[in-house]
Every structure is written in C-alpha cells, then in structure tokens.
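These features come from TrEMBL:
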DOMAIN    53-176  domain 'FAD-binding FR-type'
BINDING   ARG108, TYR110, LYS144, VAL151  FAD binding site
Amino acid sequence: MFIKRFITNSNTGKISLWRLGLLSAGLTAPIALVSNPVSTYLEEQSKVELSNDYFVKYRISWRHFVDKDHYLLEIEPIKRQQNNLWKEHGYRKLWSIQVKQPQIHVVRHYTPLPLEHVDSENNGIKLKVLEDGDSSGKMMLYIKKYENGEVARWMSTLPIGNEIEIRGPYIDYQFPEAPADEICLDRRFLNDGNDQVPVEALKYKPYDVNFFTGGTGIVTPLQLMLTENPFKGKIQIIHACKNYQEELSPLIPFIDLLKSKNRLQMHYFEDFKSELKNKRKLNKLIKAPFPFESLDIPSIGASSSTTIKPVVSFVVGPEGFIANVCGPKYDLNQGPITGYLDSRGWDNDTVYKLS
C-alpha cells in the first residue's frame, strides 16, 4: 500500500515514472551494498577497477578535434576492467564519470559513450559501437572547451598516451526496469550499417521520453540508445546547437541509423532562443505529457508507427538552457518547473533536470 501511494501523484491519481524511478533506485541500492562487500585491504591493493570511491588511471588512446570548440576523446584503462558497465547499466541507468585535473584539484563530470575509434577515412573518421560483452573499459567522451572550463581545456592539450585519473560511475538517473523476460534490442545494425533489419517485437508496451539537449548534452540520450541492452521505447530529441552538421559530424551516422530504425526522432534548432520566442515548430512537437500506464502491459507486436508518446522529459545542457526550457536547477534540488515546459502542461512529476 505504501509503495502504491509513493508512486502515485496525490493530486492527479496517476502513476509517476519519475517516482517509480526513485523507488527502483532506493530498492536496489541496499542490495548492492550487501551483495558487493569489499574489504579495506583488497581495496587498497587493487584499485584498478573503476569505482566512485577512488580514482583509477586511464590512458588517452585517441583524440579528434571536431571543430575549434568540440573534440572527441577516447580513453582506456591502464588495466583491463572486469566489470562491463555497459551491460550492467544498459537502458536502466544514465551514468557519468568524473575526470580530475590534478594541478588545480578540480573534477568535472562527463557522460561517456560506448564507442571506439576504428580508423580514419580520408579526412574523416570512423567510429564503431563497442560489441556486446566488451568489458575492456574503453569509452568515448564528447567535450566542449568552454572559456572557463579548466578540465576540458587541459585534456585538449594532453598528448596521446598520457594518463588521466577518473572515477565513477555516478548514477544520474535510474529508470524502472522492464519485466525480466523482455527482449534486448539488437545493436548490430549500428556497426554494419544495415537499416533494413525488421523492427523487433517487444513483449511489453514500452514508454517514450523526450530529451531537450543543449550542446554536448546530446550524449545523454545517445548513451541510452547506443549502450548494450538499449532503451526500449522511442526517444524524441529537441537539440539546441550552433551548427548541427559540423558540431555532431562524427555522431550523425549513428543518429541517422537510429532514426531509420524508428528508435529516435531528432529535431535540432540552430537558433533555439528564437524558437523559444515564437514556438512555431516546438508547439507542434511538444504536447502535454502522456500518462504512464504500467511496465507489464503486453505489446501488440512490432510497430512501424512513428507516433511518439512521451511520459517524461529530460533536460540537459548549460544552466541557461535548462532555465529557459524548464526553470533553473539548484545543485541537487530539482526546483520548480517553469519556462517552456511549464507552459505546455509539464510538472515536477514529468520533468527531470540533468546537469
């Protein structure tokens, strides 16, 4: 009875996906603490596995400057990892790592992608998604050099092969889990480029979500879609940038393949401030949130419908971007929902702000 009251909005009587996610995190955290005891001695002797309790050494294995402000950074652990975080977290958890700048003792969070550099093609580059079961620990960061971004500017100057220290993963959001017998969606088309593979039939009806992303915030929904055991439902991205084709050129092939498989809808705005004023396109895309029903409703099978019915909106990007879309985020406090999403009928039960 307590659980039902907790996940139900007392004003509307509807189930809140946001509260259900909090409940999932609360139930799994104590189990993790009990089932993974590590003695102080072993921890001190073998600090090689990625952990948020201490920093681990990684090596810069590749870097590519996308433009003067953005770059991709591939990093890999000095010692191969035992845990496959992509499999462990899958669609269930959005996660990030911290990178330490040792000279000034500053750390910054970055959301990694399960990508690796394969080879260069003429003046371009080629990336591939890490295969299922890859526990090498390799990851790709998409970074912007801000004027006051000490860590990003520092990493952009480090030579290939240089060591950096990271820790994590930090769970930024936890989704409720699908029934245990639900299928894992295939990702092989992302590497072989075959977009003609039939749409897979899920056993249960998935839920859809919106992502409002500013700049490098685009990596957050992409992590959900590129990871091992990816997100089940559709994701609609409203992306703000200055030059879509230039800034995201290495990632666009994956975005296009996800679009072709009806897993992703991408809408980008190169003058988002103007769009927020006139709202001509936005108001056609963003309606009031759809109700979240349940996780165990049987699916009617594979669907080619492009209709998307988001039950929650995530907002990630610079502080000003978040404030305009849904109101400012106050450190660990979500704060009230204001701005554009408030005007479209979204509230604290259906919006989540990510730093």
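Just so it is clear, glycine is given a Cβ too, placed from its N, Cα and C backbone atoms.
Because TrEMBL annotations are produced automatically, they should be read as predictions rather than curated entries.
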Same-chain residues at least 6 apart in sequence with Cβ under 8 Å of the Cβ of ARG108 (FAD binding site), in sequence order, are GLN98, VAL99, GLN101, GLY149, GLU150, VAL151, ALA152
Expressed in angstrom and rounded to a whole number, the FAD site built from ARG108, TYR110, LYS144, VAL151 spans a maximum Cα-Cα distance of 12
Around the recorded FAD site (ARG108, TYR110, LYS144, VAL151), other residues with Cβ within 8 Å of the Cβ centre, ordered by sequence, are VAL99, HIS109, LEU141, ILE143, GLY149, ALA152, MET155
Same-chain residues at least 6 apart in sequence with Cβ under 8 Å of the Cβ of LYS144 (FAD binding site), in sequence order, are ASP69, HIS70, ALA152, GLY215, THR216
The average per-residue pLDDT within the domain 'FAD-binding FR-type' (53-176) comes out at 94
Cβ proximity for TYR110 (FAD binding site), under 8 A, sequence spacing 6+, ordered by residue number, returns SER96, ILE97, GLN98, VAL99, LEU141, ILE143
Here the 10 Å Cβ neighbour count for VAL151 (FAD binding site) comes out at 21
For LYS144 (FAD binding site), the three-state DSSP class is strand
